[in-house]
Amino acid sequence: MKSLLFLVLISVCWAEPHPDNSSLEHERIIHIQAENGPRLLVVAEQAKIFSHRGGNVTLPCKFYHEHTSTAGSGTHKIRIKWTKLTSDYLKEVDVFVAMGHHRKSYGNYQGRVFLRESSENDASLIITNIILEDYGRYKCEVIEGLEDDTAVVALNLEGVVFPYSPRLGRYNLNFHEAQRACLDQDSVIASFDQLYDAWRSGLDWCNAGWLSDGSVQYPITKPREPCGGKNTVPGVRNYGFWDKDKSRYDVFCFTSNFNGRFYYLIHPTKLTYDEAVQACLKDGAQIAKVGQIFAAWKLLGYDRCDAGWLADGSVRYPISRPRKRCSPNEAAVRFVGFPDKKHKLYGVYCFRAYN
């Protein structure tokens, strides 16, 4: 009798893995079914949505009651809550909450998010003017009385991952400095999924770098002795998680398209760094950042064999069509180095933002 009473009280509860989500493979979504009345179901029609910086996107989410086609039972108000999942599964970032006529958005999402509400059971979230930090996984939660259910949608951004180290040289950034270094170059610190996708597209880099979850990793497509050994298999090598304050590595940054024009400034003479900065300003622009040259190269196919100054004091040039004397073996953003700013002369790459 006690066993039967216990079964009635706990109702029905089961867990299921979230589909097609390797980095959340340990996550479980718990569904709770009331003993009486219809069961609330929350469904995302697409598990992954693709967009780009500056665009608008809709994260799909609808809710139903089993055996009915109506949005709600009519006895309780529907509460819709969107949160962003983090690499720490115990933490979530509030994005948007709606209940009745009340609406509230949070943080960087204020003024950029609202519900689509194309039907009574539509809880889809529209995000406008997407920024790089919007990349990630979002949870749609619908609550009605004692019933609730969730669905998870991943927002992927078109972009490019690039390795970065400062003028000081290899392995000089702790985690917090790595985050700032990426932001200074019009990018954000890359996630593991972004680095993995870049590796699948051919990124090969022997220096280990920070990722957004605090891990240190590097991608190898051509195994060789200095990079784990020539007999090892290709892959993303993982150093594990390190002290964010004391440990020092390079960083992998991620950037997307930009709202502006990236270009090599035609100038009668070569320039020192300070002259390059002033030349861009005189042309109504600013000296370009490392993230901007990578975005122009990867997303726009920008190709120029002239080495030019960038904002961090480095000199680089983007090659999309490999040819003799211009990166003959591969398409790449070629790195010349960090020359003496006062005495070395180069061209300059500028960036003019659109209003």
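All residue numbers here begin at 1 and follow the chain in the order shown.
Each Cβ is built from the backbone N, Cα and C atoms, and glycine gets one as well.
What TrEMBL records for 1-15 is signal peptide.
Secondary structure counts, DSSP: the domain 'Ig-like' (38-156) has 6 helix, 61 strand, 52 coil. Taken from TrEMBL, the feature domain 'Ig-like' covers 38-156.
DSSP states for the domain 'Link' (160-255), grouped as helix (H, G, I), strand (E, B) and coil, give 22 helix, 30 strand, 44 coil. Under the heading domain 'Link', TrEMBL lists 160-255 (among others).
According to TrEMBL, the feature disulfide bond maps to CYS206-CYS227 (among others). Within the same chain, residues at least 6 positions away in sequence whose Cβ sits under 8 Å from that of CYS206 (disulfide bond) are TYR218, ILE220, ARG224, PRO226, CYS227.
Residues or ranges marked as domain 'Link' in TrEMBL: 260-352 (among others).
Annotation source TrEMBL lists disulfide bond at CYS305-CYS326 (among others). With a cut-off of 8 Å between CB atoms and residues at least 6 apart in sequence, the same chain places CYS305, ILE319 near CYS326 (disulfide bond), listed in sequence order.
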Please work out the mean pLDDT for the residues of the domain 'Link' (160-255).
95
For the disulfide-bonded residues listed here, CYS227, CYS305, which shows the highest count of neighbouring CB atoms within 10 A?
CYS227
